Ligand SMILES: O=P(O)(O)OC[C@H]1O[C@](O)(CO)[C@@H](O)[C@@H]1O
């Protein structure tokens, strides 16, 4: 994996960063790296996440899921970091096992999925670090009833990935469900390289050891200089550009297999860095598709965006047939991969020509190893950015208000936040 910073330099984009500024920033990167390494060595909350390539035990994950013979599908019931990491992996990789995610409480979507499944051959993985997340618990109760209605012994098809305490731990203990622990000190958005992200991948037959090997390769590159670490290079320039007004970051992979990765990145970046009035808003985009929609804004709208372009150097390809159709001859004999690469490079140059900074991230391939590299590098980049911005990267207090309001509205307790809902101003236009 490599990160190309060329198009964030002010020699490429008038609103970029000078090489001198990056050199000055590198001194702060060294100090931040030292802080990160001390946090890792001490197993401090959050920093522990960057130890996962070495602390996660893939054999224990395989052992826990080995009891489920040959499932047709695996349904992960979880939300946020308890679903997005696993989904990033299983959506990116091919498998004979269908991987589904119930990470919302849209009744029509839940019903549509359950109606589509052969529940007798489906494995359900209920994932929640806290064991209290309303959406996850509600969906679990619905799935359990659907299995019972289908004459399936739900306890025989369900395992739990949760913390040491909470409702899910109690449920696992009560029904003697197989369970996997959620690692201590690892916030959900940083947990993909643990039981949380790897169990579904293992059930789908993916090489979770290779995911960890790729992650370990990027862990080994962490250093006291941004010029020696792709992860730190990305985190440092993202921070530097945010300091220069690039308050949005469009994650734009040129690979359908990485579309869910952009959703995972959005949680990682937003929930970690959106603190104290600071942060860099992650936008989800997909190349080449969003050249025909959002690129207009990225290139000619407000000068407030970094565009992160991601591609794989190697991929399967499809030839474009020769044609004598007027105007199409230039496509014939080429390939879709050639066209995708041309679009990638044209978009990159188009942004630079309009003085809009972009970073190029290139994986060797979108396989287990490449995904491990990418995921770990983005996590380390995020941790570095948080150190440079002096925010508390590993907490998310702002999400709790809404949780209390929703719980109050459902009669789950007496919360003043629920009262505030009733005070909503109204100006209805029909
Ligand atoms: O794994 P849990 O505890 O159900 O939390 C799910 C998600 O909800 C959050 O806690 C935010 O509410 C995320 O940080 C987390 O990934």
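Positions of Cβ are set from backbone N, Cα and C atoms, glycine also.
Feature annotations, reproduced from TrEMBL:
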type: ACT_SITE; residues: 271; note: active site, proton donor
type: ACT_SITE; residues: 292; note: active site
type: ACT_SITE; residues: 403; note: active site
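All features noted in TrEMBL, drawn onto the structure.
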residue : record                    : DSSP (3 states)
271     : active site, proton donor : helix
292     : active site               : helix
403     : active site               : helix
Fewest other C-beta atoms within 10 angstroms, as judged across 292, 403, which are the active-site residues:
292
Give the distance between the Cα atoms of residue 403 (active site) and residue 271 (active site, proton donor), rounded to the nearest whole Å.
15
Distance between residue 271 (active site, proton donor) and residue 292 (active site) at the Cα atoms, whole Å?
29
Provide the number of Cβ atoms within 10 Å of the Cβ of residue 271 (active site, proton donor), excluding the reference atom itself.
24
